[in-house]
Structures are given as structure tokens and as C-alpha cells.
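A.B. asks: Next up is a structure, given as C-alpha cells.
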Amino acid sequence: MRNTKRFGSDAFFSDNQQSYRGIIVSVHFYKMQGCGNDFVLIDNRELGVPVEVMAEWACAISPRAFRVGADGVIFLENPPEGSEVDYIWHFYNADGSRAEMCGNASRCAARLAARIGLAPARHVLGTDAGPVQAEVDELSGRAKVQLTPPKNLQLGMKITVAGTEFEVHHVDTGVPHTVLFYEDASSVDVAGLGRAIRFHEAFAPAGTNVNFVQVVSPERMELRTYERGVEAETLACGTGAAASVVVANALGRSSARVELRTTGKELLTISLEDGDVFLEGSASFVYHGEFEPVDLGLTL
């Protein structure tokens, strides 16, 4: 990875690539985070990384300590001609799996798109789960997105893990989520139980994300999430927050507007309005810099 640059510098929005004799030797990237959920974003309009190798790039970029490190990698592109969205993304988890949707990633993508002129402050992002309405407040550094409508809500499912029966609830908020309620979410073995439920036969073959929720009040929750594709507990999960509120509200345990404190200790706000689900929270630039594809074993 090459040197990073300050966001206040004139070079902040520098060329997206550097080449030598027509060969790309460095790629510009942005590191962003939404409530601790962190991502590497790449403006792919001129770079032109083919879809066929994006999963490989995500696997090479995402490992922590040895590489840039992230929960996922996002490639932003112009939409197909005639499309009703302002731009599209290709989103990959750290393990290279392609995800239909990620709430916190969409908020980061929205803020970057507005900053680099890819879209206005209010715009529509094209995802594999469908179009996502987004609104960016540059002064506060916050972004709000309207998630795809929840579907396949299943309440009160019974599953058995290691001989113990659990009551779980399931809903798709762009990606599949399973929700469990606890009096004290801090005591849960998220890594062990989360992984067991993520791969449980009840959710095969796609698997599921797993959310452990503590209802503090109808307007406040604590949330811990085991994320499919990252295969670990993450500091936040936007679609998981949405799933948790959709389920809690359906069970009469929450209001239509809830603040959730995630493992990253920041707050996400979920609002349910006439069947629509809105996710709002911070979307922060951490740093930006360059990496050399050859050092990561990558080619275009």
C-alpha cells in the first residue's frame, strides 16, 4: 500500500489510477466506515476492473494486518444506459462472496458518490437487491437509505443447535437475517452460536446472518451480529439492525423508530414508515491511498 493522503489536501480526489507503459501500477481507494462496519471503495468508472475478477480482488484487499483490511469491497460504476438509478455497485464480502445488499456499505457508497460527483445528495443506488434511495447530509457526515422492502418474515421458528432448542425469527431485508432475543446480549457466544446458526440446515443453502438483540425499551436496543461472508462478529450491520426492528415491531416489542447501539458503540436509527424501512447513521471517511495490484498478486 502506498502513502495515504489527508482528506483536506488538494490531492484528495486524485486520479483513480497510475500507469506505466499502459500497465496499471497503482489503484486509488477510499477507506470508509459506517458505525464500525468498514469498507474499501474503488471508483471503477475508468479503472475498469472486470466483474469476473472482483471477487479475487476483494479476497486480496480485505485481510487485515497484511493488506488494507475491510469487511467488504465496493466497486462503483456508471449505470447501464437507460437505467433509472444514478450509479451501480458491485459489493463483495471479505471472503469474496457477492452480497445482494449491505445497509452500512450503501450509506458509505452514497456519501462517496455524492462527494466525487457520481450522484447528487439525494439519489438512487443500484444494488443486486434492487434500487436503494439515498440521502446524504455532508455537513453532519450522515447518510440515510431506504432499504428494499422486507420479505419472507417468519416468526417463532424452532431450531436445535448442539442439542438445545432455540426460538428464532427470520426475515430478508436485502439479505437473509435470523434474529434472537436475549435479556443480556453481552453474554452471548456470538462466534460459536452465530456460526452454528449461520450454517444451520434450516437456512441452507444460502445461509443466514445472525442477530442477537437486547430490547432495552421500545425505542432502544443493543445489537450484536454475526455476518455471513465476513464469518465473524462485526462492529455493526445495517440490514441486521433493520431485521431486528422489523421482527421486534411485528412481535409488539418495539416502536416504529428505534435507536440501536452496535458492538462498535455507535448508534444506528431504523424507522418503519408505511411498510418502508429507513436506515440512518454516520458514514465516515477514514483515509484514502493507493495500492499496487502486483503486490497483492492481482491483474486486470
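Cβ atoms here come from the backbone N, Cα and C positions, even for glycine.
Caution: TrEMBL annotation is automatic and unverified by curators.
Fair warning: this is a prediction, and the values are worked out from it, not measured in the lab.
Under the heading substrate binding site, TrEMBL lists ASN37, ASN93, GLY103, ASN104, ASN209, GLU227, ARG228, GLY238, THR239. Feature annotation from TrEMBL assigns active site, proton donor to CYS102. Sequence annotations record features per position, and here TrEMBL assigns active site to CYS102. Here TrEMBL flags CYS237 as active site, proton acceptor.
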A.B. asks: State the count of C-beta atoms found within 10 angstroms of the C-beta of ARG228 (substrate binding site), not counting that atom itself.
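C.D. replies: The answer is 25.
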A.B. asks: Three-state secondary structure of ARG228 (substrate binding site) from DSSP?
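C.D. replies: SS state of ARG228 (substrate binding site) = coil.
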A.B. asks: Distance between THR239 (substrate binding site) and the residue listed as 'active site, proton donor' at the Cα atoms, whole Å?
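C.D. replies: Cα of THR239 (substrate binding site) to Cα of the residue listed as 'active site, proton donor' measures 6 Å after rounding.
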A.B. asks: Quick check for the class: what is the C-alpha distance, in angstrom and rounded, between ASN37 (substrate binding site) and the residue listed as 'active site, proton acceptor'?
C.D. replies: 7
A.B. asks: Based on the record's binding annotation for substrate (ASN37, ASN93, GLY103, ASN104, ASN209, GLU227, ARG228, GLY238, THR239), what whole-number value in Å is the widest Cα to Cα distance?
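C.D. replies: Farthest Cα pair among residues binding substrate: 15 Å.
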A.B. asks: Same chain, not part of ASN37, ASN93, GLY103, ASN104, ASN209, GLU227, ARG228, GLY238, THR239: whose C-beta falls within 8 angstroms of the C-beta centre of the substrate site? Give them in sequence order.
C.D. replies: ASP71, ALA99, CYS102, ALA105, VAL175, THR225, VAL230, THR234, ALA236, CYS237, GLY240
A.B. asks: List, in sequence order, those recorded positions among CYS102, GLY103, ARG228 whose Cα sits within 10 Å of the Cα of CYS237 (active site, proton acceptor).
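C.D. replies: For CYS237 (active site, proton acceptor), the recorded positions whose Cα atoms are within 10 Å come to CYS102, GLY103.
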